[in-house]
Structures are given as structure tokens and as C-alpha cells.
Amino acid sequence: MAEYDHYEDDGFLNSFNDSSQEEHQDFLQFRKVFLPCMYLVVFVCGLVGNSLVLVISIFYHKLQSLTDVFLVNLPLADLVFVCTLPFWAYAGIHEWIFGQVMCKTLLGVYTINFYTSMLILTCITVDRFIVVVKATKAYNQQAKRMTWGKVICLLIWVISLLVSLPQIIYGNVFNLDKLICGYHDEEISTVVLATQMTLGFFLPLLAMIVCYSVIIKTLLHAGGFQKHRSLKIIFLVMAVFLLTQTPFNLVKLIRSTHWEYYAMTSFHYTIIVTEAIAYLRACLNPVLYAFVSLKFRKNFWKLVKDIGCLPYLGVSHQWKSSEDNSKTFSASHNVEATSMFQL
């Protein structure tokens, strides 16, 4: 949902002179077009990508590792998350017409799945650290790790529900020039911001910095043809997280501590543009955490073949070659046991 909607039009316009009011009206028109369009793009891409990951994970890929457990829960959280975006897109163009119950429900669904996605990303990072740095121990305790992984995922969903209660309880529909779904309470907004910054940014960022630093050090001292590929993927994961999440979280932090920026129309543009960039994670997660796997890509081509699209795509030969290469690749136990991404 639009973070900007908690600070709606009337409050801004009252603090502006005539020139600033004209600029702000231009901004409101820009927001009315830009955010819904971005929401719909993220919705479509996230719906397709995360649905594919879920279908392949459930019907074509047995849960053989802790990473597999996480890669079922992550696209599920992202999928439910993006399914709330069409409602916010419509509300951005017009106003909130779905009532108070739907307001509370969608605020809860949106927030629960946001926290779940970020906490699972943190767990995936820690799991990769264990698989690479403690490879032998991780392999020998695979069954136990699978059990713990399911328990951890259940706990993540419960924790996400608990920390989302303020939005669910205090979420309401307000009439501020138009009907808005949100929470119009400064204390609640402060609590929500602190929780979002901690669980949704600083925790996964800290986990990535610590775990990936050790992983990189371990891989640099290791041999094998997987090293360079794994390092590239690590840097890609870190770069995508930093580029998509840092700007929006930085803007939210500035917004909460420097109220004078509220009189700057340029700052309002920054809020909604960085928000849209942050939501791209729901589209990119399937690529970063699933499609990098050779095993997953093999199962993807199986799905394409089963639904009858393979002959039309003209990739039957390539799919067969990819399948053979994947089988040859997976024959190496040592590589798979120590591979960070189980490629």
C-alpha cells in the first residue's frame, strides 16, 4: 500500500503557498498515475514468477533440503503480498471503496506477508552460511534441519501475525479529501516504522553482511568451478537488496525525524518512487532464489513440456541438453553438498 497515504492531501496543502500548491497538485496527479501503474506491473510479474516457483516446488520438486522448505514459503508470502496491490492501485486512482473490514484484512495480509518474506530471506541467508561453512555437518544433519526448518517457518508466520496486529487493530477508513485506508495515529505509525525498519531491513541486512562475508572468505579459499558462479550470485543478491530496499528505508527514516521535508514536493516524489522500487523485490525474489538453480530450471522445462508449450517455443533440443547436463552435474556429491545454492 502507499506509505504516502498516511499523510494525505489536506495536511500538505494547508502548509503550501499558491505556487507550492500548484506543484503539489502536479505531484498528486503524478502519484495517481505512477503508483497504480507500478503496483500493477509488480502484481503481474510477481504473480507469474511466484506462482511458477510454487507450482514447480509443489508438483515437480521434492522437499529435500532446508532451502527447499524456505523456497516454498518465500514465494507464497510474496504471492499473497502482490495480490493486495490491485486494491491499493484502485484506491490510488480513485479512493478506498472496499469498506472497513476489507481495509483491516488487506492491511493485515499485506503486512504479515511483508514481514514473512523478509524473515525468510534472513533465514535463507543463515542457511547458506551453514551449508557452505559447515558443509559436512549440515549434510549429516539434513533430516533434523528439515524438521527445524518447518518449525522455523511456522514461527515466522506466527511472529509476522503478532507484529502486524497494530495495523490490523488500528487500521481504519478515513475521509481526508477522499476515503483512505490506513492508520491515522502518530504513536502507532512510530511503532510500525520501528518494526518495519528492524525486521524488514536492518535484520536481513545484518544477516547478509555477516554471513556473506564469511561465505565469500570460505569460497575464496576453496577450489572448484562453482566458486566464481557462487560469488557472482552473492554479489547480485546483495546488490539487489541494497538497491531496492535501502533508498525507501532511508527515506522513511528521514521522514520520521525531519518533519521540515514535508513542505518539499520533491521529497514526496522521492517517497513514492523509492516505495515502488522497494516493491520490485517481490518480482526479483523468484529469479534470485529459484531460477538460479539448474535443478529448478530443469523442472521448469518439464512444466513447460507438460502444458504443451515446448514445441511452440522451439526449445525441445535445448531442454533435453539442459536436462542431461543437470544430471551430469548432480552426480558430483561433493559439489552439491558444499554448493551455496544447491545448483
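Each residue's number is its place along the chain shown, starting with 1.
Cβ atoms here come from the backbone N, Cα and C positions, even for glycine.
The recorded disulfide partner of Cys103, taken from Swiss-Prot and restricted to Cys37, Cys181, Cys211, is Cys181. Both Asp26 and Ser266 belong to one identically named topological domain in Swiss-Prot, hence to the same side of the membrane. The transmembrane segment (277-294) shares the most Cβ pairs under 8 Å with 70-90, out of the stretches 70-90, 105-126, 145-165, 189-216. All protein chains included, Cys181 (disulfide bond) registers 25 other Cβ atoms within 10 Å of its own Cβ.
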